[in-house]
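Peer 1: Sending over a structure as structure tokens; questions will come in a sec.
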Protein chains: 2
Amino acid sequence: MYEIIDASLRAFVDVEPDSDFPIQNLPYGIFSTPEGGVRAGAALGSWVVDLHVLERAGLLPAPAGPALFGQASLNAFAAAGRPAWNAVRARLAALLSGSDARLRDDAELRARALVPMDACTLHLPFEVASYTDFYSSEDHATNVGKLFRDPANALTPNWKHLPIGYNGRASSVVLSGHDVHRPMGQLPVAGGAPEWGPCRQLDFELETAFFVGPGTALGSRLDPDAAAGRIFGMVLMNDWSARDVQRWEYVPLGPFQAKAFATSISPWVVTLDALQPFRVDAPEQDPVPLPYLREGDRHAYDIELSVELGTPNGASTTIARSNFRHLYWTMAQQLAHHTSSGCNLRTGDLMGSGTISGPSPEARGCLLELTENGKRPLALSDGATRDFLQDGDEVVIRGHARRGALRVGFGSVRGRVLPAIP
Amino acid sequence: MYEIIDASLRAFVDVEPDSDFPIQNLPYGIFSTPEGGVRAGAALGSWVVDLHVLERAGLLPAPAGPALFGQASLNAFAAAGRPAWNAVRARLAALLSGSDARLRDDAELRARALVPMDACTLHLPFEVASYTDFYSSEDHATNVGKLFRDPANALTPNWKHLPIGYNGRASSVVLSGHDVHRPMGQLPVAGGAPEWGPCRQLDFELETAFFVGPGTALGSRLDPDAAAGRIFGMVLMNDWSARDVQRWEYVPLGPFQAKAFATSISPWVVTLDALQPFRVDAPEQDPVPLPYLREGDRHAYDIELSVELGTPNGASTTIARSNFRHLYWTMAQQLAHHTSSGCNLRTGDLMGSGTISGPSPEARGCLLELTENGKRPLALSDGATRDFLQDGDEVVIRGHARRGALRVGFGSVRGRVLPAIP
């Protein structure tokens, strides 16, 4: 099913050994240059491979269809489905390694098709159809439950039976590098009326997310194995959260404005093909879930995740290290559950993992957990402390997988906190 | 600001006196005919006025821009904003009354521009960008709070301070007439593991909803009076709900699959212009809300709403009568709150009212309330009873406003319950 590029293959251009984007990765994104329009590319080392140039030169295979890559989003390519994804990926590996010499040996084409990444402006890779966020880390849900509910029964009774999720706000999904104004909102006041003001408990959430390729019809359901076949690829995500606003507004219908002001994603969409070498067992599930959530091929990926907090004075501190493999519910189960009522999926649906925490104290994926709701401020490398984010702080989430000499990375998602607009 | 068509104006075609669609209404929709494409129209009595024909004939004013009405959604027209809306509406009133004789006196054009509604297929009026549902009826929130929370403190502490809302699922918004399969889902079992099966507590929710015209930029906020200017128009909505699934899944992040399988809307979008003659005071708010939710021009509309339940044997019973004016939070306040964090709006955003209940027992807008969660089944006209919906039942929601001889209506939103797909 997956198109795996042999670990020994080398690109005909130089790629730094510690690059997130070797030829075994080839993540997709959307970019523009001053002289060209907005189009699709694949990252290779410090280059962007211009897929529209390759497409117009007739070098990409027919299953991808005409002009899939001259558009301002990956939606059309994602909708084309796995046969097209596999054919394009296999051809790119051949062209970029030189085993198919048509690109390597054509200097004029090569000059047009390989664009230095630092000359490119990156754009949102997808037109986001809808955005759903899950809550699939057992450690995260347990830590939050201990803070706000019953420490002895931190997980809600439904948690181990279904991948809890909620609909998020799609309009405010932004690209890495977009700076985020601290939101205004209603702030709870103990026992009294709320105040209106800038959020005082601004937080990040360390997440990954995936984009849906081909959609489904209303009324149809996917089992987890079929659902996995609809996943186009993954990004890193920072689900910015206003904790004080959230605490006040979320009963009984869930988060709303507390998470509606911005959700940041990384620009390069890493395919599941590129992640296959990093398969590991997913956590065992007890109790065994209902049959519609059982997987024939249950697995996770070993993706190391980190969060760096930069302060206005220029210091930066790695404040969290976690791993995608900690998630209790897999992407396939999340997607199967999302169709369980007959709810239809659409190409470009963005599905967030929820905060990815792990069992160790440093593997807590948000400040709410890291500081125990502000009670234990974090010490930063410059001697400053943080309970929640301050104006000027920059959050950088990074992720990569590695096995031996093979490294497949996501790059980063970053965003700086700007002052509230009163 | 609004373009009000004088109550004495008459169309040059016959319109039944009890029609929902007199010349004072002129709601917009999307339709097709066997011989023509999908395009925009306005309802007038039993006719659909083909706006694309009028546009191509050069009869619609320039502010609307070129070819706004030859598209498969109203999004482009809605995005054009109030000056364009007013200009088109004023011109339509002139053309359809004959005060501008260019349509009335052109038999060939008239034959093309006036299409019998029963020869038309209606389509979703908008490409729904995102769908948000509010919870703005005090009676509904109180009734639900009494059933599931503390009867003495039925409203949550936040309820009178902000219009509670949550993000719904946009992909499964369907047009009136779409029949709805009973969803499968996880059903709670007291004290034990959930079961998988067809929903046993399928319900409707009597709602209205509005579509957003021009969007906003991320980071900007609207005050309620400015927000009102972005509202393109209103529809009736049935927010189908699986109560058992909802009860199990919704803590802590809100409804998900329980409301994701279908949300039905009526086809004709009634403008606020058409509703101006039916302005009434909105309920007084105590406590006075925070300044960002205060309205210079607080008002509601007197729109009578009803729910009819049809059973498979052909009997039908009006089981609820309510009124839009009961809503505690206005559309303008809902929309202002939606931008309070800086969340951006997009053209085609659909904003539901939440179930509209009133103070009287018959004004309860869903079966959950009408039957007190199934404890007091409803008696229907054919002697049958209902706690929740059965397969084959049809729910029809109607709405109209009237003052003296003037009637402005929404038509209806209807949908039949089909058996679950196991």
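The backbone N, Cα and C atoms fix where each Cβ goes, glycine too.
According to TrEMBL, the record shows the following:
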ACT_SITE  A:His140  active site, proton acceptor
BINDING   A:Asp133, A:Glu205, A:Glu207, A:Asp239  Ca(2+) binding site
BINDING   A:Tyr135, A:Arg149, A:Gln246, A:Tyr250, A:Thr355  substrate binding site
BINDING   A:Asp239, A:Lys259, A:Thr263  Mg(2+) binding site
DOMAIN    A:24-125  domain 'Fumarylacetoacetase N-terminal'
DOMAIN    A:131-417  domain 'Fumarylacetoacetase-like C-terminal'
Peer 1: Please give the maximum pairwise Cα distance, in Å and rounded to a whole number, for the substrate-binding set A:Tyr135, A:Arg149, A:Gln246, A:Tyr250, A:Thr355.
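Peer 2: Across A:Tyr135, A:Arg149, A:Gln246, A:Tyr250, A:Thr355, the two farthest Cα atoms sit 18 Å apart.
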Peer 1: Quick one: of the binding-site residues A:Glu205, A:Glu207, A:Asp239, which have a CB under 8 A from chain B's CB atoms?
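Peer 2: Cβ contacts with chain B under 8 Å: none.
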Peer 1: Are there any residues in the same chain, six or more apart in sequence, whose C-beta is under 8 angstroms from the C-beta of A:Glu205 (Ca(2+) binding site), and if so which?
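Peer 2: Result: A:Met237, A:Asn238, A:Asp239, A:Trp240, A:Ser241, A:Gly354, A:Thr355, A:Gly365, A:Cys366.
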Peer 1: State which of the following recorded positions has the fewest other Cβ atoms within 10 Å around its Cβ: A:His140, A:Arg149, A:Lys259.
Peer 2: A:Arg149
Peer 1: Look up A:Glu207 (Ca(2+) binding site) in the DSSP assignment and report helix, strand or coil.
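Peer 2: Going by the DSSP assignment, A:Glu207 (Ca(2+) binding site) falls within a strand, counted as strand.
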Peer 1: What recorded positions in the list A:Tyr135, A:His140, A:Gln246, A:Tyr250 lie within 10 angstroms of A:Thr263 (Mg(2+) binding site), counting C-alpha atoms?
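Peer 2: Those near A:Thr263 (Mg(2+) binding site) - Cα within 10 Å - do not exist; the answer is none.
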Peer 1: I'd like to know which of these binding-site residues, A:Gln246, A:Thr263, is least surrounded, judged by other CB atoms within 10 A.
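Peer 2: With the binding-site residues A:Gln246, A:Thr263, fewest surrounding Cβ atoms within 10 Å: A:Gln246.
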Peer 1: Under the DSSP assignment, what numbers of helix, strand and coil residues are found in the domain 'Fumarylacetoacetase N-terminal' (A:24-125)?
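Peer 2: Secondary-structure composition of the domain 'Fumarylacetoacetase N-terminal' (A:24-125): 41 helix, 21 strand, 40 coil.
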Peer 1: How long is the line from the C-alpha of A:Glu207 (Ca(2+) binding site) to the C-alpha of A:Arg149 (substrate binding site), rounded to the nearest angstrom?
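Peer 2: Between the alpha carbons of A:Glu207 (Ca(2+) binding site) and A:Arg149 (substrate binding site) there are 23 Å.
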Peer 1: With an 8 Å cut-off on Cβ-Cβ distance and a minimum sequence separation of at least 6, pull the same-chain contacts of A:Asp133 (Ca(2+) binding site), or say none.
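Peer 2: Sequence-distant Cβ neighbours: A:Gly165, A:Tyr166, A:Gly168, A:Glu207, A:Asp239, A:Lys259, A:Met351, A:Gly352, A:Gly354.
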Peer 1: Taking DSSP three-state, what's A:Asp133 (Ca(2+) binding site) in: helix, strand or coil?
Peer 2: strand
Peer 1: Have a look at the binding-site residues A:Arg149, A:Gln246, A:Tyr250 and say which one has the shortest Cα distance to A:His140 (active site, proton acceptor).
Peer 2: A:Arg149
Peer 1: Most Cβ neighbours within 10 Å: which of the binding-site residues A:Glu207, A:Asp239 is it?
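Peer 2: Within the set of binding-site residues, the most crowded position is A:Glu207.
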Peer 1: Taking the Cβ of A:Thr355 (substrate binding site) as the centre, count every other Cβ atom within 10 Å, in any protein chain shown.
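Peer 2: The Cβ of A:Thr355 (substrate binding site) has 30 Cβ neighbours within 10 Å.
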Peer 1: Cβ-Cβ under 8 Å from A:Tyr250 (substrate binding site), same chain, 6 or more residues apart: which ones?
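Peer 2: Listed in sequence order: A:Phe256, A:Ala258.
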Peer 1: What residues, ordered by sequence, lie under 8 A Cβ-to-Cβ from A:Tyr135 (substrate binding site) and sit at least six positions away in the same chain?
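Peer 2: In sequence order, the residues whose Cβ lies under 8 Å from that of A:Tyr135 (substrate binding site) (at least 6 apart) are A:Ala141, A:Trp159, A:Pro163, A:Ile164, A:Gly165, A:Tyr166, A:Gly354, A:Thr355.
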Peer 1: Identify all same-chain residues not among A:Asp239, A:Lys259, A:Thr263 whose C-beta atom falls within 8 angstroms of the centroid of the Mg(2+) site's C-beta atoms; report them in sequence order.
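Peer 2: Close Cβ neighbours, site residues excluded: A:Asp133, A:Gly168, A:Arg169, A:Ser172, A:Glu205, A:Met237, A:Asn238, A:Trp240, A:Ser241, A:Ala260, A:Ala262, A:Gly352.
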Peer 1: According to DSSP, which of helix, strand or coil covers A:Tyr250 (substrate binding site)?
Peer 2: coil
